[in-house]
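So the structure is just underneath, and the comments pick up after that.
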Amino acid sequence: MANYGDPNLKVFTLNSNKGLAYEITERIGVPMGKSSVTRFSDGEVQINIEESIRGCDVFLIQSTAAPANEHIMELLIMIDAVKRASAKTINVVIPYYGYARQDRKARAREPITAKLVANLLETAGATRVLTLDLHATQIQGFFDIPVDQLMGVPILAEFFEKKGLDDVVVVSPDHGGVVRARKLADRLKAPIAIIDKRRPKPNVAEVMNIVGHIEGKTAIIIDDIIDTAGTITLAANALVEHGAKEVYACCTHPVLSGPAIERIKNSKIKELVVMNTIELEEEKLIDKITTLSVAPLMAEAIVRVHEHSSVSLLFD
């Protein structure tokens, strides 16, 4: 892309997802902001901004994926540095918002950590948050600053449309994901099915029943996050057992922790389509996994925010 040409737009990256950050700046046509994110000898974060940002719209790109605590602390310190350097606005771009699954008190005496993270970002000095497919949309209400939540479904829909799959059914792996599945199904002009599951303890899922017709069909399971891959692989195996012709799976955020890769390798999933909101280690880039880039979407959102244009067109 040609140079954007506005010196008042500054984009900086921290350590969690540099590949995506550089894709975004290349897409916009601006150089990456000059800064260093290092550690003191005792492990404390040291940040230095190496250019003037006075009066600029600053965008900080950082997924708060594992190690989540390290990446959150980097982001908070960077926000403080930018604020003290007299930036006009501090726009925090968080492709993957860590701690989003801790959005409510599931049991007595539990914290609501997603709200705590929101408080920390605001207190540090963030003036806007730009993110993608929050695990719980109500997290937007945890902030008293603007939150732009972009959607990954159009990217996934375009990918599957180009594959030209026949007789598709879109599957939600649980009742909570029905709205997401419906959005993909509407774009693919396909019916939906639902996996009715019971989760006896965290990261352990048991498939109980399938609601909807899947026999002889090509199933596409969609979720927002795949962590240990227990839910998605059990769902895929159950779909095949109930007569699905083949099974694809997709998600926005590939956490892929613990036994996830082995489970995916050994599952009935033909292809897992993910996005690059989280940078995957080399050993996780197996043949079954296809990665799509969110850089064009996020670059467009950044430019629109900077130019005070509407971002709502990017929400659907």
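Cβ coordinates come from backbone N, Cα and C, glycine included.
Straight from Swiss-Prot, the features:
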- Asp42, Gly43, Glu44, Arg101, Gln102: ATP binding site (BINDING)
- His135: Mg(2+) 1 binding site (BINDING)
- Asp174: Mg(2+) 2 binding site (BINDING)
- Lys197: active site (ACT_SITE)
- Arg199, Asp223, Asp227, Thr228, Ala229, Gly230, Thr231: D-ribose 5-phosphate binding site (BINDING)
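Cβ crowding, taken as the number of other Cβ atoms within 10 Å, peaks at Gly230 among the binding-site residues Gly43, Gly230.
Counting other C-beta atoms within 10 Å of each candidate's C-beta, the binding-site residues Gln102, Thr228, Thr231 are led by Thr231. Counting in whole angstrom, Asp174 (Mg(2+) 2 binding site) lies 15 from Arg101 (ATP binding site) by their C-alpha atoms. Taking Lys197, Asp227, Ala229 as the recorded positions under consideration, the smallest Cα distance to Arg101 (ATP binding site) is found for Asp227.
Site extent for ATP: among the recorded binding residues Asp42, Gly43, Glu44, Arg101, Gln102, the largest C-alpha separation is 31 Å. Counted over every protein chain shown, other Cβ atoms within 10 Å are most numerous around Asp227 among the binding-site residues Glu44, Asp227.
When the Cα atoms are compared, Asp227 (D-ribose 5-phosphate binding site) and the residue listed as 'Mg(2+) 1 binding site' turn out to be 12 Å apart. Comparing CA positions across the binding-site residues His135, Asp223, Thr228, Gly230, the one lying closest to Asp42 (ATP binding site) turns out to be Thr228. All chains included, 17 other C-beta atoms sit within 10 angstroms of the C-beta of Arg101 (ATP binding site). DSSP classifies Gly230 (D-ribose 5-phosphate binding site) as helix under the three-state reduction.
Distance between Cα atoms for Thr228 (D-ribose 5-phosphate binding site) and the residue listed as 'Mg(2+) 1 binding site': 16 Å, as a whole number.
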